[in-house]
């Protein structure tokens with residue numbers, strides 16, 4: 001672009017322009033003298049018209065044409081600098097101060113040449129306005145990208161980075177220096193609490209300091225997404241050098257990755273084609289973000305579920321971009337530290353390699369689970385600390401190991417329907433968790449059932465191995481009932497399930513009889529105890545209503561009424577207990593009939609095979625075929641024992 005300017009204003013402010021103009025005038029004067037000397041030797045008669053033409057040529061020769069190659073900031077910055085030379089008041093902001101500072105350096109507009117020159121003016125603005133405010137520093141740092149490398153030589157970008165890191169690491173919220181929500185009055189008012197005096201609003205407002213600080217932090221963190229990768233890497237390094245909070249660094253990385261890597265953000269807003277980086281640039285950006293991720297685990301109050309979802313999204317992107325193995329391994333270890341905060345949808349990572357036959361990347365989840373189990377000791381110590389905090393009045397936190405166990409059981413149920421999933425991978429992932437991760441194995445039984453249903457061609461031996469991942473003693477009565485009628489399970493597994501189900505029922509009946517004698521509900525009879533509690537609550541509510549109706553009744557009448565209510569409650573509890581015992585006894589008798597029929601069937605099989613002569617009889621054969629040992633009392637009827645116990649209890653009640 002060409003600018004037609006007067007030379008004297010420019011020469012009064014810029015040393016470089018003064019030298020260029022002087023040099024140009026000197027060269028023109030020398031050239032003019034040489035041409036006049038040559039013309040003096042010629043005797044030419046000129047007319048008036050020729051004199052006018054000569055005057056115009058002299059005026060053209062007086063014009064000074066100066067070229068300024070690679071001017072920092074372009075024509076817009078030069079126009080602002082030219083206005084400054086003319087004495088026009090210019091507006092210096094955080095967006096143009098870096099280009100103007102570079103322009104002043106390029107034109108040599110120093111104090112030695114003129115007072116209050118452009119260099120001193122821009123430096124004063126940087127010190128007094130920019131470096132005291134994080135958001136203004138970010139705007140200036142962003143503008144430095146257009147005037148590189150001069151901004152780097154003048155250390156403008158370096159000073160901005162140091163100022164941002166220093167202000168961010170400060171605990172004083174007043175140093176941030178910008179209004180909440182960028183001056184939005186409604187948002188600011190919503191973050192203030194009323195100050196009451198005797199229940200009357202005084203009109204004053206108490207600011208929510210914690211909320212304000214979080215909003216301020218989020219405000220400048222979002223601005224980091226507009227920086228280029230080299231500047232952003234230098235800024236993160238400066239923040240780490242000042243021991244900035246890992247939560248702030250993580251939130252910064254999340255915002256930057258979502259703005260720079262397509263697919264991480266679920267926003268419907270599309271990026272422009274010019275802002276989309278190439279695959280190599282995205283891979284470099286991804287590896288840089290993963291490298292800068294803090295190793296510490298975020299607390300549950302800091303949005304760990306969001307962090308886990310973001311990390312798994314990064315892992316999917318790393319698989320698509322074919323990132324390095326070291327990068328993916330570091331990311332998997334970071335995911336393992338947040339695994340208890342992940343969801344089932346997060347773990348469903350598709351397989352992007354043609355070498356993997358399964359729909360989901362099971363090997364990746366297995367590696368993540370392995371990293372999680374390696375840090376199990378640290379997780380247990382954190383759980384103990386959280387338990388102490390719970391005793392101190394803070395909200396309780398669930399056991400991370402049990403949360404991961406529930407998550408893996410759901411993942412197994414989801415991938416079990418994949419026809420290409422091998423039994424080895426299924427069993428390896430199922431048995432990887434420790435026993436403490438599962439309180440009950442109902443979720444694991446559901447996954448086994450789905451796998452057997454989706455793989456009907458699996459052999460009997462593999463079915464038994466797949467079912468072997470379960471602990472039958474951890475199955476609830478509902479799961480045992482379903483398994484006993486499941487035709488997909490091997491016969492040996494069904495027998496073992498029936499055996500442990502009968503043991504549970506026997507313990508429940510024995511506990512009920514003991515509770516009836518002692519008068520306290522047993523822990524083993526969970527269902528009966530819950531029903532009794534329900535009836536007790538109903539009786540207590542009825543008793544409270546009767547007491548309210550009686551109101552100011554006399555002491556004797558109240559005591560008599562309470563005795564009657566207590567006796568009535570005891571009678572109803574005995575009735576409920578008797579019904580529970582009858583239902584349990586009928587269930588036990590049904591199981592005994594099934595066991596007897598199975599015993600007869602086994603005896604017939606032994607007679608047909610010619611093995612019924614000796615060597616331990618039918619019990620040894622049953623042990624060999626079904627892998628479990630039955631005692632004689634398991635298949636015998638307990639009805640005489642129950643009747644004798646009830647008779648003894650009735651005699652004690654009569655004697656008392």
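Cβ coordinates come from backbone N, Cα and C, glycine included.
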520-559, 560-599 - the one TrEMBL records as region 'Disordered': 520-559
Feature region 'Disordered' in TrEMBL, mapped to one of the ranges 31-55, 56-80: 31-55
From 617-636, 637-656, the residue range that TrEMBL assigns the feature region 'Disordered': 637-656
